[in-house]
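Working notes for the structure below.
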Amino acid sequence: MRFAFIARHRGIWPVAWLCEALDVSRSGFHAWLNRSPSARARQDKVLVTKIDRSFKSSDRTYGARRLWHDVLAEGLSCGLHRVERLMRESGLRARPRRRGLPKDTGERAGGVGQPA
């Protein structure tokens with residue numbers, strides 16, 4: 001998180017000053033910048049694309065458990081909590097289930113069952 005903060009704000013303040021203020025080394029920051037993504041981060045990208053495609057094809061109604069089953073059916077292995085985390089980080093939330101019929105708010109709504 002510190003390195004990401006430095007990367008976002010290095011156009012405003014000098015890197016050396018930011019590194020000193022956040023108590024990290026400049027060499028560590030530059031090594032972080034040039035490091036390639038980890039295997040987990042690369043696999044997360046693949047999973048997010050599959051989850052996003054499945055989520056949108058379900059008309060945004062599938063939750064983490066159903067999406068997890070879809071991912072497993074496609075041959076990828078991951079855990080339910082990982083799918084939950086990736087959904088949360090991607091901002092994917094299933095629409096809540098509608099319970100019952102909407103209430104009648106028309107002009108006859110107040111007069112049902114009462115004498116006129």
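Positions of Cβ are set from backbone N, Cα and C atoms, glycine also.
Some features that TrEMBL has for this protein:
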type: DOMAIN; residues: 44-99; note: domain 'HTH-like'
type: REGION; residues: 91-116; note: region 'Disordered'
Helix-strand-coil residue split for the domain 'HTH-like' (44-99), DSSP-based: 35 helix, 0 strand, 21 coil
Average pLDDT across the domain 'HTH-like' (44-99), rounded to a whole number: 94
